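As C-alpha cells, the structure follows; a few thoughts come after it.
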Ligand SMILES: Nc1ncnc2c1ncn2[C@@H]1O[C@H](COP(=O)(O)OP(=O)(O)OP(=O)(O)O)[C@@H](O)[C@H]1O
Ligand SMILES: [Mg+2]
C-alpha cells in the first residue's frame with residue numbers, strides 16, 4: 001500500500017478573482033481589431049457625401065463586389081496554408097493556370113462538357129499543390145522560395161498553352177451565365193464566395209483539422225511532439241490552397257472568360273494585402289472574415305477614389321492598397337502602442353524630475 | 001544610495017491587477033532574492049524593470065540615487081540594469097567571442113576591418129569577471145549549461161566600471177546541483193565587485209544559500225522583505241504560500257513485484273548515452289539522475305521520439321515504438337512532458353484550452369464539429385484541479401506565468417491517460433506548493449497503474465517520488481537506488497558526482 005501526498009486545497013479564491021477580472025482591453029486595440037469594418041463604413045459615408053449620385057447606387061455596389069470576388073477567392077487560397085505558417089506565393093499563378101486550362105479545353109475540345117473540364121482543373125491544381133508540398137516537406141525548401149519557383153513554372157506552362165496570346169471565345173453563353181447572373185439582385189459570384197468562405201470558416205475554426213493547422217503555424221516542433229501529422233497537414237493545406245486558386249480561375253472563366261498572362265500574377269498583391277490586413281482583425285490572427293472584410297473595405301475605397309477623381313487615376317489602386325496595408329497593420333501591431341506609451345512616459349518623467357534626487 | 005529603489009509599482013492587465021503597489025529595495029553589493037508562487041508577479045515586475053511593460057501611473061524608481069523611468073528599455077540600459085533571460089538567448093553556432101560581442105560594438109582596425117585579437121581580449125575580460133577563464137574561440141554549443149549561463153551573464157555585463165544590477169529570472173530551473181554551485185560562485189564574484197544581483201527562483205535551498213535579502217510577493221503584493229539569515233525553509237515557505245505546507249507523505253516501498261514490465265527499453269543510445277536498459281512496471285515510478293553530460297538530458301528525447309536513437313529498442317506492451325516518431329509513441333500509449341517548455345511544448349498565440357487539449361481535440365468533436373463548450377468545460381476542470389491561474393480558458397497562453405504554463409502541460413499529458421508517462425523536469429518553474437500538488441497527482445496516477453519515467457535535475461524530487469532511481473554517469477547506469485533501501489537525495493547527489501555506487 002502506498003499513500004499519496006494529500007491534494008492541497010485548490011487555490012480557488014485566486015482563480016475566482018482572476019476569472020472575474022473583466023476582459024477589457026485598451027480602446028486603441030479594440031478599434032484596431034475592427035479597423036477594416038470602420039474603414040468600410042468610413043468610405044461609404046465619405047464617398048456617399050462626395051459622390052452620392054454614383055457611389056451610393058446599387059450598381060456600384062454590385063459591380064465592386066462582383067469585380068472583387070475572384071481576388072477574394074485567391075486571398076482565401078493564400079489564407080489556408082498561412083494558418084499553418086506556410087506561404088503559398090503561387091496562388092496567383094494557380095488561378096492563371098486554372099483559367100488557361102479552361103480556355104484551352106473550351107477552344108480545342110468544344111465537345112467536352114465544361115463542368116468536366118472544371119473538375120479536371122481542380123484535380124490538376126491539387127497535383128500542383130502536392131508538388132509544392134513535396135518540395136517543402138521532403139526537400140525542406142523554405143515555402144516562400146519553393147512556391148515562388150512553382151509560380152514561375154506555372155507561368156511557363158501558361159505561356160506554352162496559350163502560345164503567349166490572349167485566349168477568348170472559349171465559352172458558351174450557358175457557362176458565362178453562371179458567372180454573370182444575379183440572384184435576387186445579388187451577383188451570383190458573390191454567393192459562390194460566400195459559400196466557400198463559410199466552408200473554410202467552419203473547417204478552420206470549428207474542426208480539429210483547423211485547430212491542428214493553427215498549432216503547426218504556432219510551433220511546428222511542438223506540434224510534432226504533440227503527435228500531429230505535421231507533414232500531412234502542410235501537404236493537405238497546400239493542395240487545398242491550389243484547388244481554391246484553381247477555383248478562382250474557373251470563376252473568372254465564368255465571369256469574363258478571357259485569358260491573358262498578366263491576370264494571375266496581378267492578383268497576388270491585393271490578395272496578400274487582404275490576408276495580412278485581415279489577420280490584424282477580430283481575433284488578430286489569419287482569419288476568413290477578416291480577410292474578406294479587409295479586401296472589400298479596400299476595394300470600396302479604391303472604387304470611391306476612382307469615382308471621385310475620374311478615370312485618369314489608374315495609379316491610385318496600388319498606392320492606396322499599399323498604404324492602407326502598411327498603416328492598418330502598423331496601427332494594429334502592439335509594438336507601436338508600446339513604444340508610443342514608453343516614449344510618452346519617458347517624456348513625462350524627464351519633465352517632472354529634471355534634476356536627479358539624492359546625493 | 002541603493003542599487004535599486006522601486007516605490008509603489010502597480011501593473012494592471014485588462015483590469016486584472018498583477019502588481020499591487022510593490023516596493024523593492026536592492027542594496028549595493030547584495031544578492032536579493034525575489035520569491036513567490038506561480039503568477040505572483042515576479043516576472044511581471046522584472047519585465048516592467050526591463051521596459052517590456054509600462055507600469056500603471058504612480059510608480060517611481062531610482063538607481064544609485066538617479067531617477068529611472070520604468071517601462072523604458074533604454075533608460076534601464078543606461079543605468080546599467082542588465083537581464084539574463086531564462087532561455088539565455090545565446091547564438092549556439094557562434095563562438096564565445098562572437099556571442100559576447102553581439103550586444104557590443106566590434107573594435108575596428110582603421111575603422112573598417114574587425115580587430116579580432118582585440119575582440120577576443122574583450123571577451124576574455126568579460127568572461128573572467130564571471131569566474132575562471134575559458135576558451136573564447138570555442139562555439140557556445142560546445143559548452144555545458146553552466147558555462148552557457150556564465151556566458152550569458154558575461155554578455156550582459158556592462159563595459160564600464162560603474163556598478164551594475166544583474167537580474168536573473170529563474171536561471172537555475174533546469175540546472176543540476178553542481179552547476180548551480182558554479183553559478184552561485186559567479187554571482188558571489190559579481191557582488192564582491194560591487195554589483196547587485198536580483199534573483200528569481202523557486203528553489204528555496206538555493207535562495208537560502210546564496211541571497212542576502214529575500215522579498216516575498218503574494219498575489220502581486222509584497223508581503224515581506226527580510227534578511228535571509230532570519231528565515232529558514234519552513235518560515236519562508238509560510239511567507240510564500242500564506243500557510244504552512246502540508247507535510248509530504250512519503251511513498252511506501254513497493255511490494256516485491258514480478259509482474260511483466262509494461263515498457264521495456266533496451267540498449268538505448270544517443271550522442272552521449274551509450275547503452276542503457278530500463279524496465280517499467282505498471283504503477284512504478286522510475287527516476288533517471290545524472291549530471292549534465294551523463295546522458296540524462298537525452299533520455300526523454302530518445303524515448304519519446306523527439307530525437308532519433310542511435311541504437312536500442314523501446315517497447316510498450318507488445319508494440320515496438322520506432323525511433324524519432326512521437327506520433328507512434330503516443331499511439332502506443334505513451335505521453336510526456338518534455339523539457340524546454342517554450343521551444344518544444346507551448347503553442348504561443350493560442351489559448352489555454354487549445355494548449356491543454358491539443359494532443360486529442362477529437363474527443364470534443366461530434367459530427368465533425370468541435371464542441372467548444374465541452375472543450376471549455378474540460379479545460380475548466382483542469383484549471384481547477386491543478387490550480388492554474390489564468391483569466392479564463394480562452395486566455396492566450398503567453399499571458400500565463402511560467403509555472404502556470406507548465407501546469408497546462410501537465411494537464412495536456414495527464415488527460416491522455418497514458419500507460420507510460422515520460423517526464424523531463426516536470427516541475428521546472430513550478431512553485432513549492434504546487435510542486436507538491438503535482439507530485440501528488442503523479443503518484444496518484446501511478447497508483448492507478450500508470451508507469452512513470454522521470455528524468456530530473458532535482459534530486460529531492462526524485463527521492464520523494466520514485467520507487468527506483470537509475471544514476472547515470474558517462475552514458476551508462478552506474479547505480480540503481482531503491483526506495484526503502486538506499487534511495488535518498490544525498491545518495492543520488494553523491495553517486496552522480498562520484499560515478500560509483502555509494
Ligand atoms: N501580458 C499579460 N496579459 C495578461 N495577463 C498577464 C500578462 N502577463 C502576465 N499576466 C498575468 O500576471 C500574473 C503574474 O504573472 P508573472 O509571469 O509575473 O508571474 P510569476 O511570479 O513570474 O510566476 P512564475 O513563478 O509562474 O513564473 C499571472 O496571473 C499572469 O497570468
Ligand atoms: Mg515567471
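Every residue, even glycine, has its Cβ placed from backbone N, Cα and C.
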Looking at A:90-112, A:182-204, which one is transmembrane segment according to TrEMBL?
A:182-204
Look up transmembrane segment in TrEMBL and report which of A:58-77, A:258-277 it refers to.
A:258-277
Interface-richest range of A:113-137, A:144-162, A:289-309 toward the transmembrane segment (A:182-204), CB pairs under 8 Å:
A:289-309
Interface-richest range of A:144-162, A:258-277, A:289-309 toward the transmembrane segment (A:113-137), CB pairs under 8 Å:
A:144-162
Which stretch, A:144-162, A:258-277, A:289-309, tops the Cβ pairs under 8 Å count with the transmembrane segment (A:31-49)?
A:289-309
